[in-house]
Each structure stands twice: as C-alpha cells, then as structure tokens.
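*Asks:* Got these off TrEMBL a minute ago, pasting:
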| type | residues | note |
| --- | --- | --- |
| DOMAIN | 3-71 | domain 'RlmM ferredoxin-like' |
| DOMAIN | 84-162 | domain 'Ribosomal RNA large subunit methyltransferase M THUMP-like' |
| DOMAIN | 185-277 | domain 'Ribosomal RNA methyltransferase FtsJ' |
| BINDING | ALA220, PRO221, GLY222, GLY223, ASP239, ASP259, ASP275 | S-adenosyl-L-methionine binding site |
| ACT_SITE | LYS304 | active site, proton acceptor |
Amino acid sequence: MLNQLLLYCRSGFENECAAEAMAKAEAVGLAGFVKAKPRQGWVLLNLYQPDGALLLQQQPFKQWIFARQWVACLPLLNQLPVTDRVTPIVEAVKQLPQCGIVQIEMPDTNDGKSLQSLTRKITSPLIQALKKASCLTAKDNLKMPTLHVFFISGTSVLVGISPANNHSPWRMGIPRLKLPKQAPSRATLKLEEAWHTFIPKAKWDQQLAADMTAVDLGAAPGGWTWQLVRRGMRVYAIDNGPMAEDIMATGLVEHVRADGFTYQPKQVVDWLVCDIVDKPARVTAMIAQWLINGWCKATVFNLKLPMKQRWQAVVNAKTVLTEALHQANLKRHQIQIRQLYHDREEVTVYIGP
Ligand SMILES: C[S@@+](CC[C@H](N)C(=O)[O-])C[C@H]1O[C@@H](n2cnc3c(N)ncnc32)[C@H](O)[C@@H]1O
C-alpha cells in the first residue's frame, strides 16, 4: 500500500509545497492531508486511497512547482539499529517493485548535511544487499523505477519509489551545476538550470540555436546574457546598471539603458528573459504583453515571491499567463513554473513550444 507521497522542497517552502500537494491531489479526486514541519525540507502527503501516491505519480512531474522530487513511500522506518541499518531497510524494500537504480538521500537542510557521512558509509553495503535480494537490478537500468532511501535522521528513514522518466533525474532533486569561471554573476546558474529543467537536451540545438536573438531585461552585470551569448545568440541587454566588460567585448551584446517595463523590441525576438526583481503581478503583466503582442517566441523569467501568500501569488501568475496565451492564440505553448535549486525566494517560469 503506497498511500504516502514524500515531496522534497526548498527549506522554508514547506507550506507552499503542502498547498501544492493538496491542490494536485484534489485535481485528480484524491483526498488526504499533509504533514509538514517548517524548515525540514520535505513534506508528506497522506492519501486516504490505498496506492493513492502511485495514482498521483501518473500525472506529469514536470508540472510541479515546489516539489523537487516525489517518492511514493512506505510508512516511516524508525528506531533503526545503529549497528545494522541495512537489514531492516532491505526487508522493507522487498515490498516495493524491483528498481533499476537507488538514490540514497537526505533533506537539503543543515540537519540533512550532518547525515552525509552516514549516507556515504552506507551506500556500498546497502547497494550490495539490495542487489543480492533482487530489489535492484544487477546493472543500472533507467527504464525501471528509482528507489529512494531518504534518511531523516540517523535512525529513521523513508523508502519508496519514483517512476522512470517522470521524476527529477537528479539526486535529491538538485542538479549539480558548476559556476563557469568567466560568467559575470552567480545568477548565471539560474538560467542554465532553467534550460536543463525546461528544455530536453535533445532540443537544445533547435531551441537554443546560435542564430537566435534575445532580449534580457534586468541584464546587469550579465550572467543571463552570458548564457545566451555562450549559445551564440545576439542579445539586447536592458538595464540602467553596468554590464561586465568581457561580455560586451564579444560583440554579440547591445546594452540598452532603458526601463525593462516599457522597453519594446524593434523586431520579434526568439527569447525574452527577465530577472528583474519586482512585484510578481507587475512582471507577469509585462510578460503577458510581450506574448499577446507576439514580441517573443519563448520566455524564461523569474517571479520574486512575496513574504506571505506565496502559493496564491504563483496561482495568480499562472492564471494571467494562461489567459495571455489564449488571447495570443498560442495553442502549442506550455507554461512551466518551478522553484529551481538556484532560486531563493522566487520561482522561474518557462513559456515556449
Ligand atoms: C537580479 S539582477 C539581474 C542579474 C542578471 N540576470 C545576471 O545574471 O547578472 C536585477 C537587475 O535588474 C535591474 N532592474 C531593476 N529594475 C529594472 C527595470 N525597471 N528595468 C531594467 N532593469 C531593471 C537592476 O539594475 C539589476 O541589474
């Protein structure tokens, strides 16, 4: 019986993840309740329907905003003997379908970090025991479910599964991106992560092509522009602040000192990206105008979330953007919203084909 769905999230966003979980369950006619403690980096959705978690996992994971990973899990295993944690974990895992790979994980919090040496130590003996018990295939098989062993303390663990090709492919739901040395700001990683998250790698050459044009609103000092230029695009960088010299030296960037909220492009561009920190409703209304006027073909932008009613702010933004796509008659465009690992008090939105 897999009626619990474990959701990993950014620490501090448990309430938003819980609100999202309840909304997703309700949308498919499932009832339940969420257990969420502040700043623990995960929430647990309990569904009244046996195997409710598996039913929910039939929906697309990429439409979740605050959940970094989802795991249909067994009841909590606690009081694991510190002398042998492996045996009870394997016994529990025997109730699950065979998996093709295992992720041994913990919450993305300071408490979680203190479990790193334990998870490192247990990895090899646990994998061996899981393979011996045929809980795991002998060789990694990404077409089979992923087994998650999620330590919440040294003696308690949640174990469960996520479906192949409908989950986050990254351990703990976190992509490990390296800050490129030449990039002018750390913010560069937000756009890079957005592409990894929203655009399948096989489509990068087509959707992030060298002959494309882009507008970057709130571009300075140029971390996002740097990503666009790295793909060979020509970029209009809109910001009253200074752009990094190196990026201007590429000859691919035109720096326009203007207000991003009133700037209009001279011709249609392939990409509009925007990292201006302002009220989400104001940014959303501006992006909606770009879509309705057909000024860009695709967009990635950030929404800085207010302190309160953050879930509602995201729901409102989605409503406005859905209406804009409808008005623009962009039937094949999709809206994806996600709190990326490199996002703090914000979410990133992708709208494109
Ligand atoms: C978070 S920073 C952008 C960082 C940038 N994406 C990067 O990767 O380096 C926000 C930028 O928005 C700019 N900004 C704020 N309000 C703006 C507006 N109304 N029009 C244009 N730029 C604006 C600020 O000057 C600031 O440089």
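We count from 1, first residue shown onward.
Placement of Cβ uses the backbone N, Cα and C atoms for every residue, glycine included.
Just so you know, TrEMBL annotations never went through curation; they're auto-generated.
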*Asks:* Can you check which residue among the binding-site residues ASP239, ASP259, ASP275 has the largest number of Cβ atoms within 10 Å of its own?
*Replies:* ASP275
*Asks:* For the domain 'Ribosomal RNA large subunit methyltransferase M THUMP-like' (84-162) against the domain 'RlmM ferredoxin-like' (3-71), do we get 3 or more Cβ-Cβ pairs below 8 Å once near-sequence pairs (under 6 apart) are dropped?
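*Replies:* They are in contact.
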*Asks:* Have a look around ALA220 (S-adenosyl-L-methionine binding site) and count the other CB atoms within 10 A of its CB, chains all included.
*Replies:* 22
*Asks:* What is the three-state DSSP composition of the domain 'Ribosomal RNA methyltransferase FtsJ' (185-277), stated as helix, strand and coil residue counts?
*Replies:* 30 helix, 20 strand, 43 coil
*Asks:* May I ask for the distance between ASP239 (S-adenosyl-L-methionine binding site) and the residue listed as 'active site, proton acceptor', taken between their Cα atoms and rounded to an integer number of Å?
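*Replies:* Cα of ASP239 (S-adenosyl-L-methionine binding site) to Cα of the residue listed as 'active site, proton acceptor' measures 18 Å after rounding.
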*Asks:* Rank the binding-site residues PRO221, GLY223 by the number of other Cβ atoms within 10 Å of each Cβ and report the first-ranked residue.
*Replies:* GLY223
*Asks:* Taking all residues of the domain 'RlmM ferredoxin-like' (3-71) together, what is their mean pLDDT?
*Replies:* 97
*Asks:* Give me the CA-CA distance between GLY223 (S-adenosyl-L-methionine binding site) and LYS304 (active site, proton acceptor), in Å, as a whole number.
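*Replies:* The Cα atom of GLY223 (S-adenosyl-L-methionine binding site) is 18 Å away from the Cα atom of LYS304 (active site, proton acceptor).
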*Asks:* Just give the helix, strand and coil counts over the domain 'Ribosomal RNA large subunit methyltransferase M THUMP-like' (84-162), going by DSSP.
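*Replies:* Reading the DSSP string over the domain 'Ribosomal RNA large subunit methyltransferase M THUMP-like' (84-162) gives 29 helix, 19 strand, 31 coil.
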*Asks:* Report the largest Cα to Cα distance, in Å and rounded to a whole number, among the residues ALA220, PRO221, GLY222, GLY223, ASP239, ASP259, ASP275 that the record lists as binding S-adenosyl-L-methionine.
*Replies:* 19
*Asks:* How many neighbouring Cβ atoms, not counting its own, are there within 10 Å of the Cβ of LYS304 (active site, proton acceptor)?
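*Replies:* The answer is 17 other Cβ atoms.
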*Asks:* Which of the binding-site residues listed here (PRO221, GLY222, ASP275) have a Cα atom within 10 Å of the Cα of the residue listed as 'active site, proton acceptor'?
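*Replies:* The binding-site residues close to the residue listed as 'active site, proton acceptor' (Cα within 10 Å), listed in sequence order, are ASP275.
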*Asks:* Report the DSSP secondary-structure composition of the domain 'RlmM ferredoxin-like' (3-71) as helix, strand and coil residue counts.
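*Replies:* Per-class counts: 22 helix, 19 strand, 28 coil.
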*Asks:* So what sits near GLY222 (S-adenosyl-L-methionine binding site) in its own chain, CB-to-CB under 8 Å and at least six residues off in sequence?
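*Replies:* Sequence-distant Cβ neighbours: PRO184, SER185, ALA237, MET243, ALA244, ILE247, VAL253.
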